[in-house]
Amino acid sequence: SSFVFCAMRLRLAGAVLLAAAAYYVYLPLPSGVSEPWKLMLLDALFRSFIDAAHTLGVCHRVHLLNRVVSWVEVIEARSSPTVNVTDSTLGGVPTRVFQPNGESRLRRGVIYFHGGGWALAKMRSYDLLCRKMAEDLDAVIMSVDYRLAPEAVFPDQYHDAVAASRVFLSAELLQQYGIDPERLCVSGDSAGGNLAAAVALGQESSSKLVHLILSLQLSLDNSLQVKFKAQALIYPVLQALDFHTPSYQQNQAVPILYRPYMARFWLQYLGADSSLEPVLLVNNHSALDERAISAATRSNLNWTALLPAERKKNFKPVVKEKGSPGVVGAVPGLIDVRAAPLLAEQEVLGKTPRAYVMTCEFDVLRDDGLMYGRRLRDAGVEVTSDHYEDGFHGCMVFANLPMMSSVGQRSMRNYIRWLDQNL
């Protein structure tokens, strides 16, 4: 009868919706990626917000994502029996401080810069990470909320990182929080790893040439007698001249950081016109007719010489004879080492602290980290390379519920273990 007919229609409609949802969520992923369905669901959620912002035209896609984060994430400071959590500032930059409770003694200290393409707000997962670091390391962790794109563009985020780090290294702050000046680390993931690497470069660069060219103000503060003992970089983004490294080619369509997304994040960070995205994606901005890029700069990211054979595989470099000259002149941040630390000269790299560099196989940024680790090692820096064959970009911040990925948990444990052994 009509009731049965209506029930059949509802079932059919439900099946169609389920099929549509499955079609939207499903992606063909590499066989080696950890827990592919979790990654698919995460990616579908991420894409849905970006698509909604684009379709509805309600606001900038970054603004929509940040609004969602503020709606669903716990953002206020919450202390626990083991860790006191407070909101403060470092050099005028909002910072959340995680300080272990218990007997007073000198503790290790870590300043941390979160990821998110220099644009996305800090998620609750970063609070969970910093709380765990404070507990497991018995360390004071300071998580910096630097300014975000599109309202703030390079070098604003870098300046915030330097300002916060300068205060973090000051005798007054170390005494206030009971931090051991001999056991300090600068760390961050993704875009935050970029800022951490830039800060580490800045604290050790003292030549007049570096001062004049790079304006690395942290290095020029003679009042700073304290230096970082270590830098810990989690799948860092370190260059924007080559979007055809083997990892960019291999993982261009692997979530959650697709190659076009990374190009957009870079353009937004550098305050550049978004219409340049197609130019970057085919490496026209770094063609050989772009005279602003020196031979020395090109050699600093020559993956054919810097990557091991198992990462190069059968991929071929994409170097255009003729491209779009003038892009670097219009977007000088592309060759500024404060934005792209991989381009730093060898003597500058050689003065940075011991390093931990995490990379993931299924990440477009894999080769940025691998090349940086190789260049640091060649410059005489002690480097620990921690590579995850089943890892994907952002995996470490998904070590907790509701995602709770196994590679995320493994990578977080190993990261904290390295800090414990090297601070």
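Each residue's number is its place along the chain shown, starting with 1.
Glycine too: its Cβ is placed from the backbone N, Cα and C atoms.
Going by TrEMBL, these are the annotated features:
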ACT_SITE  Ser190  active site
ACT_SITE  Asp363  active site
ACT_SITE  His393  active site
DOMAIN    110-281  domain 'Alpha/beta hydrolase fold-3'
DOMAIN    336-396  domain 'Alpha/beta hydrolase fold-3'
TRANSMEM  12-29  transmembrane segment
TODO: Give the distance between the Cα atoms of Ser190 (active site) and His393 (active site), rounded to the nearest whole Å.
DONE: 8
Task: Rounded mean pLDDT for the residues that make up the domain 'Alpha/beta hydrolase fold-3' (336-396) - done: 97
Task: Neighbour tally for Asp363 (active site), based on other Cβ positions within 10 Å of its Cβ - done: 26
Open item on the list: Just to confirm: which same-chain residues, 6+ apart in sequence, have a Cβ under 8 Å from the Cβ of His393 (active site)?
Closed with: Ser190, Tyr235, Ile256, Leu257, Cys360, Phe362, Asp363, Val364, Leu365
- [ ] Using all protein chains in view, find how many other C-beta atoms are within 10 Å of the C-beta of Ser190 (active site).
- [x] 28
